[in-house]
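According to Swiss-Prot:
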- 200: active site, proton acceptor (ACT_SITE)
- 31, 32, 33, 34, 35, 36, 37, 57, 117, 140, 141, 142, 251: NAD(+) binding site (BINDING)
- 78: N6-acetyllysine (MOD_RES)
- 78: N6-succinyllysine (MOD_RES)
- 91: N6-acetyllysine (MOD_RES)
- 91: N6-succinyllysine (MOD_RES)
- 165: N6-acetyllysine (MOD_RES)
- 215: N6-acetyllysine (MOD_RES)
- 239: N6-succinyllysine (MOD_RES)
- 239: N6-malonyllysine (MOD_RES)
- 269: N6-succinyllysine (MOD_RES)
- 301: N6-acetyllysine (MOD_RES)
- 314: N6-acetyllysine (MOD_RES)
- 324: N6-succinyllysine (MOD_RES)
- 1-24: transit peptide (TRANSIT)
């Protein structure tokens, strides 16, 4: 069933460049001057789905906004600088995307980013909860396994929590899985769809190759190697960039893909499915990524995990302790805030 619903990976991105799409979304990017924020803002500006694009950061946003505003697409772009301008940036937004935070450097795990990024995400989440609680919130800032629980707890503190509208963007894991499977099988990656469930770090990233469309088969040793490559693909990029950052361009692409899918669903398009790290009852973890049917109000239905072989079952049970610890770390962090 999942395979039937899940559309080819890049359909949303391709459609965003067509002229027939509905096109009134007001999108805010918080952290718009950074390595992910700039290319993400470019992709959003290039889409006819977006009518207004507001960019926030603590530096350089007027310049980024001025640069993007010269592009001959209809999205109106405005930059906002510093905390006092954040409420205006959020005003009337339908979708808020948060790539803000520091990137990984060689030798760092996503969890090493926790201390810096937890504070940044909590601060931005509080502003969203106060000034635009109705918006869809898409968190890119790592570690997503902790920053989503942080966002949820901050929204609870403000009495405006809606679990159907807070998304951890794990789309890059799906994009990578699609690409790597396509490479191995000589397929068009735009026609491959691999659900990736669990979390968004190391062994919590669980690609369900058994549910890939089209159906693919690998011998166990190749399957193990492929799974490992998907799980460590972020580290592959960090190493290749040799200290000059982490995955920014592919992450911007994946973030845009998720936003376009969400906006399509908000516009009433049916059958839009994306995986995302959200509040969940699918496993004993309180947050878990699975394929979600998206709708006008966010998550319409959690499609769950479905039938999987023992190899994938074991990956889930191996991931749960680490995932629980990351979730607890995020929740505990919010308890320390005033």
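Cβ atoms here come from the backbone N, Cα and C positions, even for glycine.
DSSP assigns residue 269 (N6-succinyllysine) to coil in the three-state reduction, placing it in neither a helix nor a strand. Over all protein chains present, the Cβ of residue 33 (NAD(+) binding site) has 22 other Cβ atoms lying within 10 Å. Of the listed binding-site residues 31, 35, 37, the Cβ environment within 10 Å is emptiest of other Cβ atoms at 35. For the recorded positions 165, 200, 215, 314, counting C-beta atoms within 10 A of each C-beta gives the highest total at 200. Nearest neighbour of residue 31 (NAD(+) binding site) by Cα distance, taken over the modified residues 239, 269, 301: 239.
Its Cβ placed at the centre, residue 251 (NAD(+) binding site) has 24 other Cβ atoms within 10 Å. In the structure as shown, the Cβ atom of residue 141 (NAD(+) binding site) sits within 10 Å of 29 other Cβ atoms. In this entry, NAD(+) is bound by 31, 32, 33, 34, 35, 36, 37, 57, 117, 140, 141, 142, 251, whose most widely separated C-alpha atoms sit 18 angstrom apart.
Checking each of the binding-site residues 35, 37, 251 against residue 91 (N6-acetyllysine) by C-alpha distance, the shortest gap belongs to 37.
Ranking the recorded positions 141, 269, 301, 324 by Cα distance from residue 165 (N6-acetyllysine) puts 301 first.
Across the structure, residue 141 (NAD(+) binding site) and residue 301 (N6-acetyllysine) are spaced 25 Å apart at their Cα atoms. Of all the recorded positions listed here (117, 200, 239, 251, 314), 314 has the Cα closest to the Cα of residue 215 (N6-acetyllysine). Put simply, residue 35 (NAD(+) binding site) is 16 Å from residue 239 (N6-succinyllysine) when counted between their Cα atoms. In this structure, the modified residues 91, 269 were compared by how many other Cβ atoms lie within 10 Å of their Cβ, and the smallest count belongs to 91. When the C-alpha distances from residue 269 (N6-succinyllysine) to the recorded positions 37, 117, 301 are tabulated, the minimum falls on 301.
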